[in-house]
Amino acid sequence: MMITVVGTGYVGTTTTVALAMLGHTVCGVDVDPVKVRALQSGSLPIFEEGLEDALRRETAAGRLRFTCDLGQALPGCDVIMLAVGTPPDEDGSANLRALEEVSRQLGRLLQPKAHGRPPVIAIKSTVPVGTGERVRGWLLQEMILRGLHIPFEMASNPEFLREGRALHDAMHPDRVVVGADTPGAANVMKQMYLPLQAPLLLTSIRDAEMIKYASNAFLATKISFMNELARLCERVGANIQQVAQGMGFDARINPHFLQAGIGYGGSCFPKDVQALQALAAQSGLTLQILQAVEAVNASQPGWFLQKVKHVLGSLNGQHITVLGLTFKPGTDDIRESPAIPILKHLEEQGAQITAFDPQGMAAMKQRFPNVTYASTLQESLRDADAVLLLTEWKEVVEHDWGASWSELRQPIVFDGRNVLDSAQMRAWGYQYYGVARPS
Ligand SMILES: NC(=O)C1=CN([C@@H]2O[C@H](COP(=O)(O)OP(=O)(O)OC[C@H]3O[C@@H](n4cnc5c(N)ncnc54)[C@H](O)[C@@H]3O)[C@@H](O)[C@H]2O)C=CC1
Ligand SMILES: O=C(O)[C@H]1O[C@H](OP(=O)(O)OP(=O)(O)OC[C@H]2O[C@@H](n3ccc(=O)[nH]c3=O)[C@H](O)[C@@H]2O)[C@H](O)[C@@H](O)[C@@H]1O
């Protein structure tokens, strides 16, 4: 099949590569010429394990190309995937400006196909229920201005990949969701994903749009539930990890997304939890559970910091080492990272901060220029009064903590992700504090 993907950010780039790996001929289109030039020359503007190699392989095999020129990417296309950003507006609702711009452009640029089925326009971006119809409307308005009606069909095809595992998730999805209002569009999308051999759910466009928000909101709910429970566990002397393990054996609960910590971050959970609430508000509803999910998440970094202050007293002048800046390991993305409010608070309290992160330091330096960024983890530990572990990078978890003890001025570690071996850390002489992990 011939496929065009509009928007080559995190999702768009992964989608182009994955579809090329399935044997399709794919063109990625973006308005950002710097991004497009990088992709054309085989380099990724983001850090994502394995994706760059696959990008080069598929480009060399002739299945993948990139352009800024949407008009040039359209002739003969079977599917046009829209993967532009849908960032939050001030009221939390999804901002659809980029999607509207692309839709109107398509309305101006689409040409009748010489043969074969009309193209399917599939929305991959995360969008509120009803957006499929709005996209169709924008396209039709532009066509009417041209005095033409060029046939096309609409579909919704939300994406469920995780950053840090993007290509793996795109190639091995738990499920593919396709919302389509015509059997023809459903069939084209089904054929496109056939080589994946993944479970496929066919729904209406509205259902598919809701499934995406519902999934992210539910995962965020699991995390906030565990974070709130961790606060209680800490008060009553229970271990949240044991509790999570005991809960997770129940197949109805499952063991995933039960890790308490410093709160969820990233470009999606915070924005999607807000966008679903904004959608509800437009329908006159309040989603009380999601309000609580958001509130717990917003206060989790502060709850963690209270523990730090309880042990260290005033932070003024204390040398604090922060390990991990990205919102999760395996990415260079710091969007909505819980490290941001934590660094902000430490700075406000007058702490001297040294940070280390394998991928996130360049981006964080833009926001926190007064933090010292160490070139190695070992260097970051030197003379620290305390260490705050904020992202569970492999480098941090597997660090030789036994040998580093003497580097620190005070061997105090606050493990915001519960990833270090608490008994071993204590045996090595550390004062170790996890999240609801009593000794
Ligand atoms: N980042 C993630 O892990 C996931 C994101 N999503 C959703 O996918 C969508 C895209 O997310 P990301 O890839 O993270 O966004 P992003 O911000 O990384 O990329 C969006 C891209 O669209 C391009 N763009 C904007 N206007 C354009 C136009 N008129 N024509 C062509 N290109 C244009 C931008 O230049 C940018 O490269 C969002 O709705 C997001 O919620 C869904 C699943 C996972
Ligand atoms: O719509 C999206 O963009 C994506 O959002 C999330 O993916 P992502 O944000 O990349 O990363 P996750 O692995 O879900 O982690 C999100 C945040 O939750 C935190 N988390 C995760 C799991 C957990 O048990 N505890 C916890 O605090 C992570 O540290 C991280 O800050 C979803 O997992 C994807 O399915 C979805 O496609």
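Here the Cβ of each residue, glycine as well, is placed from N, Cα and C on the backbone.
Just so you know, TrEMBL annotations never went through curation; they're auto-generated.
Residue environment of Cys268 (active site, nucleophile) contains 24 other Cβ atoms, counted within 10 Å of its Cβ in all protein chains. In the three-state DSSP scheme, Cys268 (active site, nucleophile) falls into the coil class. Sequence annotations record features per position, and here TrEMBL assigns active site, nucleophile to Cys268.
Counting only same-chain residues at least 6 apart in sequence, those with a Cβ under 8 Å from the Cβ of Thr126 (NAD(+) binding site) are Thr86, Ala94, Pro158, Glu159, Lys212, Tyr213, Asn216, Cys268, Asp272, Ala275. Look at TrEMBL and you will find Asp30, Lys35, Thr86, Thr126, Glu163, Lys271, Arg335 tagged as NAD(+) binding site.
In three-state terms derived from DSSP, Glu163 (NAD(+) binding site) belongs to neither a helical nor a strand segment and is classed as coil. The Cβ of Glu163 (NAD(+) binding site) has 24 neighbouring Cβ atoms from other residues within 10 Å, across all protein chains displayed. Per TrEMBL, substrate binding site is recorded for Phe160, Leu161, Arg162, Glu163, Lys212, Phe257, Leu258, Gln259, Ala260, Gly261, Gly265, Lys328.
Annotated domain 'UDP-glucose/GDP-mannose dehydrogenase C-terminal' per TrEMBL: 321-422, in sequence order.
Pairwise Cα distances among Asp30, Lys35, Thr86, Thr126, Glu163, Lys271, Arg335, which the record gives as the binders of NAD(+), peak at 24 Å. Take the Cα of Gly265 (substrate binding site) and measure to each of the binding-site residues Asp30, Lys35, Glu163, Arg335: the nearest one is Arg335. The number of other Cβ atoms within 10 Å of the Cβ belonging to Thr86 (NAD(+) binding site), over all protein chains shown, comes to 25. Among the residues Phe160, Leu161, Arg162, Glu163, Lys212, Phe257, Leu258, Gln259, Ala260, Gly261, Gly265, Lys328 said to bind substrate, no two Cα atoms are farther apart than 24 Å. It is 38 Å from the Cα atom of Asp30 (NAD(+) binding site) to that of Ala260 (substrate binding site).
Look at the domain 'UDP-glucose/GDP-mannose dehydrogenase C-terminal' (321-422): DSSP puts its residues at 34 helix, 18 strand, 50 coil. Here the binding-site residues are Leu258, Ala260; the one with the fewest Cβ atoms within 10 Å of its Cβ is Leu258.
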